[in-house]
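**Q** When I checked TrEMBL for this same protein, it listed these features:
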type     : residues : note
TRANSMEM : A:6-24   : transmembrane segment
TRANSMEM : A:31-55  : transmembrane segment
TRANSMEM : A:61-85  : transmembrane segment
């Protein structure tokens, strides 16, 4: 028998909390993107683990869709960071406090 | 020098929330009792094959009875990726005539 499902859960919790730590403490927008990716992939680990746990393939298919959505999100996010750097000369998320300038 | 910098001087104390969350979630997962996992019947190649069939709504492969079809999701995700591509190009395009962004 393979690895118990609790280990997968603790592992994905660890990855999720690393992403949460990054979002809470960093101020660089690129670190935000990386942390959001960590949190999304923690959800993917849960999907694959419970797909194996239930003997059903739906979770694995859905995790592939989640990865594609994460790719779309990163494309938009990097575009936003590009505009942020162009307008504020910095990628610090705490400095972009105005919508129009 | 306006390059992006790594901010390390800000307060890191709020990151303790992530550690506390990890502790709580890990305690919950390790004390919960999960039943034995239902394993896949086929080998690893049949799992990959089943993912491919399920993603394209084909009623074939070894997991055709238990897995839903995802053709609509597949096509919608293609549209979402296309929209993200167009959005990223629109955000990244530099306009020189002084408009906003």
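Including glycine, each Cβ sits where the backbone N, Cα and C put it.
For each listed feature, how buried is it and what is near it?
**A** Long-range contacts of the transmembrane segment (A:6-24) within the same chain, counting only residues at least 6 positions beyond its ends with a Cβ under 8 Å from a Cβ of the stretch, are 31-32, 34-39, 41-43, 45-46, 49.
Through the fold, the transmembrane segment (A:31-55) approaches residues 2, 5, 8-9, 11-13, 15-16, 18-23, 62-63, 66-67, 70, 73-74, 77-78, 81, 93 of its own chain, all at least 6 residues removed from its boundaries and within a Cβ separation under 8 Å.
Tertiary neighbourhood of the transmembrane segment (A:61-85): same-chain residues 29-30, 32-33, 36-37, 40-41, 43-44, 47-48, 51, 91, 96, selected by CB-CB distance under 8 Å and a gap of 6+ residues from either end.
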